[in-house]
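J.: In case it's useful when we look at the structure, here is the feature table from Swiss-Prot:
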type     : residues : note
TRANSMEM : 1-21     : transmembrane segment
TRANSMEM : 39-59    : transmembrane segment
TRANSMEM : 83-103   : transmembrane segment
TRANSMEM : 111-131  : transmembrane segment
TRANSMEM : 144-164  : transmembrane segment
TRANSMEM : 189-209  : transmembrane segment
TRANSMEM : 218-238  : transmembrane segment
TRANSMEM : 245-265  : transmembrane segment
Amino acid sequence: MSYFEAFILALIQGLTEFLPISSSAHLILPSAIFGWADQGLAFDVAVHVGTLMAVVIYFRHEVITLFRALFASIFKGDRSKEAKLAWMIVIATIPACVFGLLMKDVIEVYLRSAYVIATTTIVFGLLLWWVDKNAKLVADEYQTGWKKAVFIGIAQALAMIPGTSRSGATITAALYLGFTREAAARFSFLMSIPIITLAGSYLGMKLVTSGEPVHVGFLLTGILTSFISAYICIHFFLKMISRMGMTPFVIYRLILGVGLFAFLLSA
């Protein structure tokens, strides 16, 4: 890996992690087009750290409030709306953890292909379009009950299928349940904190036991680039969806999916 490759891959990860357009669909492009080798475990950990830093710092006030409310609910019986939201995020994280433990090997062997990614990019893009056009967008994230949390959590679990997009699946599920676009995005981003933390920790443990060499320069490039690009992406996405909705991302997904199919069939 070169510094240029590290920069491009981290930039792609940061820009696509929180947009409903599938990071996996984009990350296969450099290797498919330019023949770049796999970036390795250490770099995967680095970009997870970068994107996690971005969402935690962007939502730092909400994160601090939710943590305080969560502990207050445990030790003091706090039943505030913040405590409820914190517990709903915990509940929504469980399906992905269970699904990941049970299906990780199946996904790696049978579903991590360019054709699957192209298909899911198109299918889930159309689903996002239909839900965005037909759902009643009235609720905010504080109106999330445990049934809604489980439903959105299942969507997050299904997003382990490459090409689906974690943010795309969770935002689609939240919109279907009546969340406003802004509330759906905020809940999706807050949900990402525990799942990115767990995924990064898992990769970190694999890295420690693998004995893979670590290039500090590449890691710092990955962390810094993914952090900056993800932070900017979160900010502008939240500003954009209130005015334009999800249609631009649907159109982009369709173009990307069709483009992937065209590339694969011509190769």
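Heads up, the Cβ atoms here are built off N, Cα and C, so glycines get one too.
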J.: Take the C-beta pairs under 8 A between the transmembrane segment (83-103) and each of 39-59, 144-164, 189-209, 218-238, 245-265. Which stretch has the highest count?
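T.: Against the transmembrane segment (83-103), the leading stretch is 144-164.
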J.: Could you pull out which residues elsewhere in the chain have a CB under 8 Å from any CB of the transmembrane segment (39-59), counting only those six or more residues past its ends?
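T.: Residues 1, 5-6, 9-10, 13-14, 17-18, 186, 189-190, 192-193, 196-197, 199-200, 203-204, 206-207, 210, 212-215, 218-228, 230-231, 234-235 contact the transmembrane segment (39-59) from elsewhere in the chain.
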J.: What residues elsewhere in the chain lie close to the transmembrane segment (218-238), defined as a C-beta under 8 angstroms and at least 6 residues from its ends?
T.: 1, 3, 6-7, 9-11, 13-15, 17-19, 42-43, 45-47, 49-51, 53-55, 57-58, 182, 185-186, 189
J.: Please give the sequence-distant neighbours of the transmembrane segment (189-209): residues at least 6 beyond its ends with Cβ less than 8 Å from one of its Cβ atoms.
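T.: Beyond its ends, the transmembrane segment (189-209) has Cβ neighbours at 17-18, 41-42, 44-45, 48-49, 51-52, 55-56, 58-59, 62-63, 66, 85, 89-90, 92-93, 96-97, 141, 152-153, 156, 166-167, 170, 234.
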